[in-house]
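S.K.: According to TrEMBL:
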type    : residues                                     : note
BINDING : 24, 26, 28, 68, 254, 256, 258, 296, 299, 304 : Ca(2+) 1 binding site
BINDING : 298                                          : Ca(2+) 3 binding site
């Protein structure tokens, strides 16, 4: 369930463009107007605004925003203004360039998008960077991380609900054997996680728990400091319980000393049109505080205002 709210009657695209142009002109920038417009338009509407703005004023809206805004607010507006596939391409490119073994953004994009969304992100990557996401992932990652991440970002999973229960039992046994032998990066472990449909993986992991008594992620906690195991656990979580994965990202981003604005911005931007309501419900269940209240406590200014708008906060 999305948290983005779009008014029942939306002004014409040309009117939106005119208002945005006004927000940039004169002394200072009218940030409130930018939030009111872009914060209440869906991806299709934002794409149309960008196209019409460029045709009308001969300037890319993103460049205009870049000139006028700064800091965390600028980053949030620019990411939000992008088409979702372009945004994923940008986030993935940043993740390859700054890759460390604790960086889970590539896995997050690969495992929480639909097959077509991931395909479109890869196509947007081609268009934007004149190379493939796969070659950059292969170039910037190493060892077991490359072994897992490369098939994840290359995947095009089946999305139907059909489940093969015989296969689920066989592969649950296979996973249990490999994990018991600490063969965490075994080809078969990676093959199951990187290629099976989410419905099939869910059935396999349910059988794993019923047959062997533990959630697979509990068995993958053998060494809490092992970052490859942490990535494997997050992969499982993203495939089966994405709301729990994103809740944890938000909790760590907000509750640490000094907010991790990068993670907060990324999750709100990428999930506001998808399932941020479910993630926010999980956040409140886990932390006994509404997500919007946590945002208010940890952020300020126009950055806070746009985060709250995207998170569906309604002023009383």
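From the backbone N, Cα and C atoms, a Cβ is placed for every residue, glycine too.
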S.K.: Most Cβ neighbours within 10 Å: which of the binding-site residues 28, 258 is it?
M.R.: 28
S.K.: State the count of C-beta atoms found within 10 angstroms of the C-beta of residue 254 (Ca(2+) 1 binding site), not counting that atom itself.
M.R.: 21
S.K.: Please name the residue among the binding-site residues 24, 298, 299 whose C-beta has the most neighbouring C-beta atoms within 10 angstroms.
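M.R.: Output for this query is 299.
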S.K.: Quick one: pull the CA-CA distance for residue 254 (Ca(2+) 1 binding site) versus residue 298 (Ca(2+) 3 binding site), whole Å only.
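M.R.: Residue 254 (Ca(2+) 1 binding site) to residue 298 (Ca(2+) 3 binding site), Cα-Cα distance: 7 Å.
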S.K.: Measure from the Cα of the residue listed as 'Ca(2+) 3 binding site' to the Cα of every one of the binding-site residues 24, 28, 258, then give the nearest.
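M.R.: Considering only the listed binding-site residues, the nearest one is 258.
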